[in-house]
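Undergrad: Before I ask anything, here is the structure I am working with.
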């Protein structure tokens, strides 16, 4: 929908009143959610709320404004969660509903994203649509680079980004839907010689593409809606007046011109000036800042200009960072290169600063004057000698944008009544060098760990320093100037000795205390001089072109083009072939689009938070513990209950049933004594129910809790081992005689591996709607989960009522990855108790920060190994120990440990093998299920000791893997027989088709020529398991109705999480009933149609539910057979009508008993899993040894899919799992305080991969095999790809090992995950790290 926000409609939209104080909502209300008022009043549910901080892009909308000066319409994307509605006066806002709808006509952007299989859970899809759509409004034929840049601010946790980018690239002037080896031809063209393309043997000849671009409707940019003429008239109105919006506590004022702005600043000197709201907004939301008055000169023409002179350029303070980028590009194109060095430095950082949405919201003036310590632009502006032009009622003045200003010296501050008018940036000169440098946790949309702006000016014709400036960000509370260092270097030659002295001086001048916020002290100090060295080399290369200088001497050179390569994504996907004799209408084996894909892209797929309000519903806000282990002395709720809108506060005393069910505590308590206790930071102490979420949230802050700390406080695995604190008994498998084997080996090595945890970061946070019914104590719950039975069980226990009184509904989940198995059950009990006590519906939606704090994630692992091996690389004995951090309650930790132990050998046969493991009990929130269920952590230990053995034997890790890999039908360590032939085939294909050997040699040659950059390659094999060791968990049920018009309704026990389960079930029903897919509908999963449903996990959703649906359809088909025999030429509709007339039941249940697995832990043996999934991946990376940054150059994945029911869905699962795994092993880092407080609670602090992290070249191949045990000989592939992301981790370690060898360091070193920039840099020890360790001092 398009909202034209003029005066009248703004009042309607926000409930504000213009002029006198009214009773409306606060002027700070944002466009997306907050109190949900804009969404619900206009019924616009397409725009999704996910993080609330502008960091994920789910709430992206397009804002359009008319510029009366240029007479042009400016379209730009924004994150609605940060946009105050008052700031949109005179703008047109287009949400995803305004782009297209299934009710009217879908837009080509929506269609192509859906048909290119760019949606899975669909929660991020509207934001993706809006980012691409806005780009097309400005650039109807974008470049591939513009597509990638436009998507840089949008996060997706499901797809791995490849199909999203691919859908966008179909709009490029030259379509890039397939880039087979750069030929520009499609890999699937029948006439193309595919012998050169990586593919596996297919048993038939006919192949299908993942999608057919010929089906796309054409894109005609002339058919887009026009900008509302009324808004143009408003913008050109010469008689504009000041605009004032008043709320109960705050006032929003929009000045009419510059003089009006200055009047307001004089009257309200402390009022913040709001333009993009990217700084003030988060401060209000997350740090409880309060301002009674806001001044917003957004659109004030006097602040929007570019004035270029012979000496430099002046840019208006109102320019957004995106407009600044465009202006600088134009200036660079017009000016000689020597004048644009500062502009080039700024442009380089503008490309990666935040995402496109934030760059279009944040302004130059706001960025400069807010002076964040992490600013990427301010250090460069300071190094380029920029000046700030200020204005007030008293007149104009200039202040230098220098060290004093950035360090917030009082004499350099703005006066309270002043505002920034513009920023002047002088041209650089021939002998003046300016550079910006930064390193962040990920390439784009991340605050810098350390950044710098540096400049040096030389005496003309020499390399003698005339002026030198260095500014560093993220090394202190403000940007820091190394002015003393620079002063001492004036007059020095630009040579190695100067560099050595400069490093020593700057380390001495810039002090980072050991307890500095953000930690990483040694790493950040290393970066200070590493970035200085990079600047030194860049200037040396420039000088070499102009003056003759001496060689670089002791400082090893960085070759030309030293920056990490850009991201130019290419991909190749090779899917399976289908039987040419298969009926055309049979969809099995074809890449069918996700059942809800179009609804995802139009925003019409309904999630729980999209459901309209229910009469008398209340919102729930949580009050969580701030202590890790403490008694609760007092809970004082009086202040909270006194606030308007608050209905009740719910505590443990209000739970009518069991408050501690199966070890999980709903509300904090201690059953041993009268006092309550908490056992982790983030445990729910109580909840507040109120008429709006804003009221509930405000009241939750007023609840006062008095604690008394208890000992011990156990946070880490090591502390748990010290206190012998465990959640369950040891699990063990063993074969051979390990101790005896150690006596007869050539070498023995021992080591430890730390693998840290991971946050699920599903895009849709935990969301529950609990509705108490009038009769029989019934409760209806709508929520997002992987297991309806567990939710029902927990709610029944908390309310002390039978399960048949609880109706549970789940339509779809906005991502889950294991995080919505047990956690929704606990939160469901919490919300159901609130609904029971208040007697009113409860809407319970966790904010991102609360979700991350309360629900935890993947278990951190400490792995220990002792390996006995021969000098030829044959491993004879292995003794493995696993310890995971389970947190404060059982949750899924014991089961995770069981899986970890059972899978511990991976692809390798070791005749004498023992693995033991225990989950540790700590005072952290309970960790839970996560994609891969222990496999991604545990198998890193195996790959680590393989790598260590290879190092000791002077072999490559791949050679050792080949030597020890299973080669014939064998028994696993837990005595289950399997045939490794598909594993061997995947491994062989991976090494051959990825050209591993040739690329390994090329990487070694590259490494010889490059001291500060290293490339690494690694290939990893995989033997993954599907299903559960306990047989009853593998059962499933279905219910199929055939209606008299021939339409079919299917229900089953699985939950749609984005993995395409419902889509596959429709394909199964279509084949079994021999009817088109369009006849079949699948609505939701609920306990009233299919009871006792096991959780949708273990990669077996399609396996077991497919069997159940198949069973139901076959029963119905058998009933119809007599009718069909009587009229073989009849139609489906006729047969159904005749069957009804003959009183044949057209409804039935289907059932699958489940795979009959078993595991005897006393004996340590059993057929624990129904089958195995095999795969292999090879990745190549390039590492910047000076900063720790890495770039993923290429990945090849070969996955044993047997026969894929839907190759598009399965490939999407493989790619998404791989990228999620890559993030787990590289950039995703959870940080806790020693007291157990989680620091990383949102996208600002926790970085999942963006579109720029995926491989530049990404090749995926489905390998065919047989799997008769599963439906249609398919395999479950939802989780398997996760571990394959470890090929990136081991490629990084290969590159680090090359760097260490060149530096004369030990061949083996401790392997840990994730391989963050900090770990990489500090492992690549060199003269800079040595210097930092030598120069340690206390502050002056």
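Just so you know, glycine gets a Cβ as well, placed from its N, Cα and C.
Among the features that TrEMBL reports, active site, proton acceptor is placed at 1279. What TrEMBL records for 51, 56, 59, 81 is [2Fe-2S] cluster 1 binding site. The annotation [2Fe-2S] cluster 2 binding site is assigned in TrEMBL to 121, 124, 156, 158. Among the features that TrEMBL reports, FAD binding site is placed at 273, 274, 275, 276, 277, 278, 279, 280, 376, 438. Positions annotated as Mo-molybdopterin binding site by TrEMBL: 817, 931, 1098. Per TrEMBL, substrate binding site is recorded for 933. Sequence annotations record features per position, and here TrEMBL assigns domain 'FAD-binding PCMH-type' to 245-430.
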Undergrad: Within its own chain, what residues at least 6 apart in sequence put their Cβ under 8 Å from the Cβ of residue 124 ([2Fe-2S] cluster 2 binding site), listed in sequence order?
TA: 48, 50, 56, 57, 58, 154, 155, 156, 157, 158, 763
Undergrad: Taking only same-chain residues 6+ apart in sequence, whose CB is under 8 Å from that of residue 277 (FAD binding site), what do you get?
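TA: In sequence order, the residues whose Cβ lies under 8 Å from that of residue 277 (FAD binding site) (at least 6 apart) are 82, 83, 84, 87, 361.
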Undergrad: In angstrom units, rounded to an integer, how far apart are the Cα atoms of residue 1279 (active site, proton acceptor) and residue 279 (FAD binding site)?
TA: 39
Undergrad: Taking each of the binding-site residues 817, 933 in turn and counting other Cβ atoms within 10 Å of its Cβ, which one has the fewest?
TA: 933
Undergrad: Quick one: among the binding-site residues 56, 59, which has the most Cβ atoms sitting within 10 Å of its own Cβ?
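TA: The largest 10 Å Cβ neighbour count belongs to 56.
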Undergrad: By a simple count of other Cβ atoms within 10 Å, which of 121, 158, 275, the binding-site residues in the record, is least packed?
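TA: Minimum Cβ neighbour count within 10 Å, taken over the binding-site residues 121, 158, 275, occurs at 275.
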Undergrad: Among the binding-site residues listed here (279, 931), identify the one with the smallest other-Cβ count within 10 Å.
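TA: If we count Cβ atoms within 10 Å for the binding-site residues 279, 931, the smallest count is at 279.
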Undergrad: Setting 121, 124, 156, 158 aside, what same-chain residues sit with their Cβ within 8 Å of the center of the Cβ atoms that define the [2Fe-2S] cluster 2 site, listed in sequence order?
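TA: Those within range, site residues removed, are 119, 120, 122, 123, 125, 157, 159, 763, 814, 815, 1058, 1216.
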Undergrad: Rounded to the nearest Å, what's the C-alpha distance separating residue 1098 (Mo-molybdopterin binding site) and the residue listed as 'substrate binding site'? Just drop the number here, would you?
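TA: On Cα coordinates alone, these residues lie 8 Å apart.
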Undergrad: Can you tell me which of the binding-site residues 51, 59, 376 is spatially closest to residue 931 (Mo-molybdopterin binding site)? Compare CA atoms only.
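TA: Of the binding-site residues 51, 59, 376, 51 has its Cα closest to that of residue 931 (Mo-molybdopterin binding site).
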Undergrad: Take the C-alpha atoms of residue 376 (FAD binding site) and residue 51 ([2Fe-2S] cluster 1 binding site) and report the distance between them in angstrom, rounded.
TA: 23
Undergrad: Could you tell me the maximum Cα-Cα distance in Å between the residues recorded as binding Mo-molybdopterin, namely 817, 931, 1098, rounded to a whole number?
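TA: Value for the max Cα separation, rounded to a whole number: 11 Å.
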Undergrad: Highest Cβ count within 10 Å among the binding-site residues 51, 156: which residue is it?
TA: 156
Undergrad: If I take the Cα of residue 817 (Mo-molybdopterin binding site) as reference, which of the binding-site residues 59, 81, 273, 279, 933 has the closest Cα?
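TA: Nearest listed residue in space: 933.
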